[in-house]
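Annotated in TrEMBL:
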{"type": "TRANSMEM", "residues": "A:6-27", "note": "transmembrane segment"}
{"type": "TRANSMEM", "residues": "A:67-85", "note": "transmembrane segment"}
{"type": "TRANSMEM", "residues": "A:133-154", "note": "transmembrane segment"}
{"type": "TRANSMEM", "residues": "A:175-193", "note": "transmembrane segment"}
{"type": "TRANSMEM", "residues": "A:258-276", "note": "transmembrane segment"}
{"type": "TRANSMEM", "residues": "A:283-301", "note": "transmembrane segment"}
{"type": "TRANSMEM", "residues": "A:374-398", "note": "transmembrane segment"}
{"type": "TRANSMEM", "residues": "A:418-441", "note": "transmembrane segment"}
{"type": "TRANSMEM", "residues": "A:491-519", "note": "transmembrane segment"}
{"type": "TRANSMEM", "residues": "A:539-562", "note": "transmembrane segment"}
Amino acid sequence: MNTELLGILATYLLTLVIAIPLGKYLAKVFAGERVWTDFLKPLETGIFKISGINPKEEMNWKQAMKAMLTVNLVWLVYGFFVLMYQDKLPLNPDGNPGMTPDLAFNTIISFVVNCNLQHYSGETGVTYLTQHVIMMFMMFVSCATGIAAAVVFFKAFRDKTTEKLGNFWDFFVKSITRLLLPLSLVMAVILAFNGTPTSYEGKDQFISLQGDTVNVSRGPAAGMIAIKHLGTNGGGWFGTNSSHPLENPNYITNTVELVAQVIIPIAMVIAFGIFIRRRKLSWVIFGVMTVGMLLLLIPTLSAELGGSPALEKMGISQTTGAMEGKEVRFGPAISAYWSTVTTIISTGSVNSMHDSTMPLTGAWQLLGMMINSFYGGCGVGILNYFIYLIIAVFISGLMVGRTPEFLGHKVEAREVKIAALVTLLSPFLILAGTALSSFVFTNYAQAEWAVQPQSWLNNPSFHGFSEMLYEVTSSNANNGSGFEGLGDNNVFWNVLTGFVLLLGRFLPIIGPIAIAGLLGRKKYIPESAGTLKTDTLTFGLMTFAVILILNALSYFPALALGPLAEYFTMLK
Amino acid sequence: MKKYIIQSIRLTLVLAVLLCGIYPMIVAFAGGFSTGNGGGEKITRNGKVVGYARLGQNFSKPEYFWGRPSAVGYNAAGSGGSNKGASNPDYLKQVSDRIDTLLKYHPGLKRSEIPADMVTASGSGLDPNISPQGAAIQIKRVAAYRKLDEKIVAELVAKHTEGPLLGLFGPSTINVLKLNLALDEIKK
């Protein structure tokens, strides 16, 4: 096996070696059992005391959701104003300007919802202050929001019948103090010692070997890059994200960043099974997710390692694979792996430019974001998966003619309706959003916006359509990567994706938690011979089939118009 | 509801101190002990900074090894890839022109010897590396312009080729800036 493929294997194995024990640890932390990090308790007590929170106060699902929405609203308002007036605030050595209202609107939503779609460029669009108090702050708290929401959800299935789902604030703060902050510290130091800058100095200038004067953007990036990956956020310090040599200096940092973004999503799946005392269910879910990942990864690798068919015709050598938009120190293999994990998990950081990947790779990236639950984002991945699971329970119930049950609770009309609505939301937002953009592009080409619709697209034809489809899909999935050729910093894209981001974040969190809350308070029915078991291989296959069918039905036409059409035109 | 609002604001403030104040300060302190003291690793010659070890810079003169094409002209104050799609006709024309340029400057070079990385733009526009094959095709030209023995230049390239991590993982690379600096050293 060549060294590039070996790199992928090693990275994935290292991920598992860290993620599985981490899952066990998380289950203990959130169950309130004794763990070695209990020495941090005084810190947490202090935080609760200052905030006036009683972490022992039990909440039902509605109270937990109210707490979550309130704190998110506070962040939205606070962030909006800081971004607009960042030029008047301190720590702006490069003299960057304040944001326009529509860009501030888009940016703060994007960071609050764990997406990090960036319609600005890090070097010129934000200050060191906003990189800290907005970008990095939101990276911690948006990820902790997702994890805390998932733990509220876990709670509903731990006891036989319960309305008490723990304290949202308690889970939220512990996700930061016991998980995100310590891991970020370790990772930031590793990055710093491999060449990522940490100092607060502004731009530097030097004269190159050939005599050109070169300006260099820098800044304290290491701390943000750590949480950007651990929290599946993905927003870069620099414009080109983790393909930038200071953001991702070498193969070691590349491995660390790749491992970091996958460990918490996998750990949450493992933690779920331990927490509700049904480990087998966890392994079935993990199995389905892993098979899903491989089914996206293998064709991606094949497309990227095969190189560009158009360049092949020019007679040059593509021994390692397609190189446009990729960095030599990573190579096409690990870049392909990165593009798969960053799209199935909602990280959205990139170490190569997705816009320049092969047409079929683009299709797999889009599909990964459309499904959005093969591991998925921090906390929200398992919530997204749960929706598919409820649909699978319902369909299986219909097939065998019994009332569908999940973990001893009857799944009835109300729960299925919620699941169905959440399932329909994604295709609605993605397809309607893309249709609207295409309509504006063709009919209002001259609209007087910061970027006129006629200059939106960096590529003609089918690939241009893919650029718009990708942007909306990435927003809905709260992913944040982009086909970055798209001219997206104008009022249309800022507002459209702003709303898609909000809906695509909060409804898919509230939906599963509502279902869990409703199920949790129902009478517990002991297992019998007629119970549909959800922790079997058969049921895993059933869930997989549901995921496949739902997504194929929803998205095949859109994918056919974009990446698939481009692929076939390149064949001839 | 009101209770949640007040709790949210107070919690936000205390977390801001922890996450935006204490955390980055610890990282900045630790980073101060790294090479380049947290400001990025610089390379100096005769006491003058001539570049950053990790950042590629533009090399167009024939006596230097060239780096990869860059969509932003190696502007380190604003990175960027080309974001061109694989089927874009303008892009394909551009690649074709780059191939022609390489062929012009390297008489006797075969198309099949040109590696993809020398005719495609990098993701960041600041790629500091080229592949060993990318350097190999330039040896003859660089040696000729510097009136050096090809063998000496080839040895230098071999010396500057970094293998995979631990010899096992990832691609082999060459840092163009370091290679060119070493070339200038020979001249003296």
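The backbone N, Cα and C atoms fix where each Cβ goes, and this holds for glycine too.
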Long-range Cβ neighbours of the transmembrane segment (A:283-301) (under 8 Å; 6 or more residues past either end):
8, 266, 269-270, 272-273, 333, 336-337, 339-341, 343-344, 360-361, 364-365, 367-368, 371, 373-376, 382, 385, 389, 534-537, 539-540, 543-544, 547
Within the same chain, where does the transmembrane segment (A:258-276) have neighbours whose Cβ lies under 8 angstroms from its own Cβ atoms, ignoring anything closer than 6 residues to its ends? I mean 6 or more beyond.
11, 14-16, 18-20, 22-27, 30-31, 143, 147, 150-151, 154, 157-158, 179, 183, 187, 226, 229-232, 234, 282-283, 285-286, 289, 334, 337-338, 341-342, 345, 347, 349, 375-379, 381-382, 407
Out of A:6-27, A:133-154, A:418-441, A:539-562, which stretch touches the transmembrane segment (A:67-85) the most, going by CB pairs under 8 Å?
A:133-154
If one takes Cβ-Cβ under 8 Å and requires six or more residues beyond its ends, the residues near the transmembrane segment (A:491-519) are 60-62, 64-65, 68-69, 72, 102-103, 105-106, 109-110, 113-115, 117, 119, 146, 149, 152-153, 156-157, 163, 165, 380, 383-384, 386-387, 390, 406-407, 409, 411, 414-415, 418-419, 421-422, 425-426, 429, 433, 436-437, 440, 447, 449-450, 453, 471-472, 475-478
May I ask whether the transmembrane segment (A:374-398) has at least three C-beta pairs under 8 Å with the transmembrane segment (A:539-562), counting pairs 6 or more apart in sequence?
yes
